[in-house]
Amino acid sequence: MAASVPWACCAVLAAAAAAVYTQKHSPQEAPHVQYERLGADVTLPCGTASWDAAVTWRVNGTDLAPDLLNGSQLILRSLELGHSGLYACFHRDSWHLRHQVLLHVGLPPREPVLSCRSNTYPKGFYCSWHLPTPTYIPNTFNVTVLHGSKIMVCEKDPALKNRCHIRYMHLFSTIKYKVSISVSNALGHNTTAITFDEFTIVKPDPPENVVARPVPSNPRRLEVTWQTPSTWPDPESFPLKFFLRYRPLILDQWQHVELSDGTAHTITDAYAGKEYIIQVAAKDNEIGTWSDWSVAAHATPWTEEPRHLTTEAQAPETTTSTTSSLAPPPTTKICDPGELGSGGGPSILFLTSVPVTLVLAAAAATANNLLI
């Protein structure tokens, strides 16, 4: 009897291990996929479990707070994009998986924006579309093209998923084209359509390889060249005209030149020494609209190289002084009477630095006065 107890314990443990193994490795039911609108409230039931069943909810492997539960149901309010994920409901005691929901939060589509353009005239045209706002969930688009009552094939672009191409069946047709597009997702659908004449959607791609160069010895000229867009299939039969605009970087106002033919132009009124920005657009000679502007080219008109002048070394300046033969202006000095002796005779004024003849004349005049 004592020996049977260990055997019983082993049997229980083996059964438990088998149950755990079976739970982990048995194939599980694929999760239910559910789409809900952004901002809405949603209630997720725990599969077929009763309302009062003891369950635990997880999202992406993380336990959810019990206050989000109403019985066994999970309540999510004011859905945000972050609520998207894999929700799983487990039996609280055995952790047996009861139910899974893969929740996607998004929006129904708004009216799509549709446009058509022929940049390969006369081969065909393409139509492209997009939604004005994202839906955050997968969308399906369906395009229908009619030429009168005839349905035309719209071949999907291999690189751009929101574009398809249509070949012209009849050139210069007066019958209008009608293009319709519908979009749908799990939360709703929408449609739009446009009608147009063949010639109204012709719009070439911008000119290519726009290059601007200075003209040697011409400080106000720039030579501009470009190429016809490579997507334009037959420029000989369907020639293009061009529109050139240019301005110095220091100004905001453009100058324009329309050219009926050719792929080159010389600007003759550029500001000397100022950098310029140049762009070119293209248009069919007869129909359609102007292309977008090309990639900008930059150039500065020719400027003369500064000259480096070599000069001979200047000789050091020499100062030549000459002595004037004229004596400097005389200075007058009144002699001190004490220097003339102690006699009581009249004082005699001596002018120093005065020519001798003047001194002698003054002495003679004094003597005559004494004799009188």
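Heads up, residue numbers simply count up from 1 along the chain you see.
Cβ coordinates come from backbone N, Cα and C, glycine included.
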> Given the ranges 70-74, 135-139, 170-174, 290-294, which one is assigned the annotation motif 'WSXWS motif' in Swiss-Prot?
Replying inline: 290-294
> For CYS89, which disulfide partner does Swiss-Prot record out of CYS46, CYS127, CYS154?
Replying inline: CYS46
> So how many other Cβ atoms are close to CYS89 (disulfide bond), meaning within 10 Å of its Cβ?
Replying inline: 26
> How many other Cβ atoms sit within 10 Å of the Cβ of CYS46 (disulfide bond)?
Replying inline: 24
> For CYS46 (disulfide bond), what is the secondary structure by DSSP, using just helix, strand and coil?
Replying inline: coil
